[in-house]
Amino acid sequence: MSLQTNHRPVLVVDFGAQYAQLIARRVREAGIYSEVIPHTATADDVRAKNAAALVLSGGPSSVYAEGAPSLDAEILDLGLPVFGICYGFQAMTHALGGTVANTGKREYGRTDINVAGGVLHEGLEACHKVWMSHGDAVSEAPEGFVVTASSEGAPVAAFENKERKMAGVQYHPEVLHSPHGQAVLTRFLTEIAGLEQNWTAANIAEELIEKVREQIGEDGRAICGLSGGVDSAVAGALVQRAIGDRLTCVFVDHGLLRAGEREQVEKDFVAATGAKLVTVDERQAFLSKLAGVTEPEAKRKAIGAEFIRSFERAVAGVLEEAPEGSTVDFLVQGTLYPDVVESGGGSGTANIKSHHNVGGLPDDVEFKLVEPLRDLFKDEVRAVGRELGLPEEIVGRQPFPGPGLGIRIIGEVTEERLETLRHADLIARTELTAAGLDGVIWQCPVVLLADVRSVGVQGDGRTYGHPIVLRPVSSEDAMTADWTRLPYEVLEKISTRITNEVPDVNRVVLDVTSKPPGTIEWE
């Protein structure tokens, strides 16, 4: 069961753009709830959602191409405010009787637009930069629409019809390369559509707690698998606030954690929430399963399978200790909105992917899922966590893979190698925090090349130690990422400390590969 919000959504119609989720996030950053729906949605689907407004996303096609995605024409007759972006701007124009033409002037990248009045660009420079990505262009606006911007390749780069509460732009306001884009989107939502900005962390937390309370009921009991990450911690905190000690949190220590993570869960999380916590020490079980395993996918499968078995044992223990006559019927998961959209759940179809921190469960244990975060993006989860009083060490934590340090050791995973990597990782994290860079990077995997020996000189002799790789990346959603340009003095400090303080390491290297082509994790 999902916990649907009471807010009327702004529906972002996805025409196949890579930016549909980003648009939805930008709408929420404006303080208004949003959801993504496919362009195949009908007017009846939109009515059923009780939409507050529509935003039509960009897309890869020409509106004249065979099989080009189109919009149910009836949707534009529902009387809802509509904002078109790039392809969505052209599709809207086409549907409303305007003209979309192949001008022969393509625009890709930063482009100057010239503004001529209107609500969207009021107070902005008469000529300013935006991010364009189009071949066709609107040459004539639909009847009743006022043209408010143009560029060299787009005679109609923006238009508005305040009476119908409709507007659109040829450029991409949702990307950071359009410096005024967020202001333009917000103006549509608030000044043209007339929507209230009431999607805040405080409102979200209060609403979700009440929804959880309704779903689980007055006597229901729940289990939450904690991974040490942000999502499961915030999900657990929300449910604990809703049902108190009828929630049991389970934390499996698989021995592949970073320094201090078990203690952080056992002390900081419990202190902040008052949650009942069961910790299961499975370190030796995982190490024995990983003995001799070097192939990355085999490692992941071994870790995943053992985690399922460990969680099963922990769940069995919780069920045995439940008060006589009571049952534990609910399982809390930290599913986020991107998981829902990517699995097809955004259209009300398909099943939701299970989280790696829970995995499978025994056939004879059937839980009802509680997914309090399934309508939220990662930045909103962090904001709700802060609202619930979770410490910054938890809510500001960098993403960390389910298989843990096991996939950051290139080669066989052993206790000795884990200690080496744990030490190096702690130094890197400590120095990045001290330099105030935690908010700059998305994450910084630290990788041990355990099957590589590097010649070095330490003291007066030659050494054969292992290299450590630093992989700092910047990203908004982990779908794409760029390597972070860290200050040289910070890199120098990390390198010096690691080679001086971590035994058997004599070289530190920097990974400067973007994603694509390289993934964020090495394995």
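Placement of Cβ uses the backbone N, Cα and C atoms for every residue, glycine included.
Here is what Swiss-Prot says about this protein:
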type: ACT_SITE; residues: Cys86; note: active site, nucleophile
type: ACT_SITE; residues: His172; note: active site
type: ACT_SITE; residues: Glu174; note: active site
type: BINDING; residues: Ser227, Gly228, Gly229, Val230, Asp231, Ser232, Ala233; note: ATP binding site
type: DOMAIN; residues: 9-198; note: domain 'Glutamine amidotransferase type-1'
type: DOMAIN; residues: 199-397; note: domain 'GMPS ATP-PPase'
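It is Ala233 that, of the recorded positions Cys86, Val230, Ala233, has its Cβ surrounded by the most other Cβ atoms within 10 Å. When the recorded positions Cys86, Ser227, Gly228, Val230, Ser232 are compared by Cα distance to His172 (active site), the shortest distance belongs to Cys86. Within the model, the domain 'GMPS ATP-PPase' (199-397) shows a mean pLDDT value of 84, rounded to a whole number.
Checking each of the recorded positions Cys86, Ser227, Asp231, Ala233 against Glu174 (active site) by C-alpha distance, the shortest gap belongs to Cys86.
Annotation note: Val230 (ATP binding site) sits in a helical segment as assigned by DSSP. Straight-line distance linking the Cα atoms of Ala233 (ATP binding site) and Cys86 (active site, nucleophile), rounded to a whole number, equals 38 Å. The Cβ of Gly228 (ATP binding site) has Phe251, Leu257, Glu261, Arg262, Gln264, Val265, Arg397, Phe400 as same-chain neighbours under 8 Å, each 6 or more residues away in sequence. The Cβ neighbour count for His172 (active site), using a 10 Å radius over every protein chain in view, is 23.
Between the CA atoms of Gly229 (ATP binding site) and Cys86 (active site, nucleophile) there is a gap of 37 Å. The most densely surrounded of the recorded positions Glu174, Asp231, judged by C-beta neighbours within 10 angstroms, is Glu174.
Distance noted between the C-alpha atoms of Ser232 (ATP binding site) and the residue listed as 'active site, nucleophile' is 37 Å. When each of the binding-site residues Ser227, Gly229, Ser232 is scored by how many other Cβ atoms sit within 10 Å of its Cβ, Gly229 comes out lowest.
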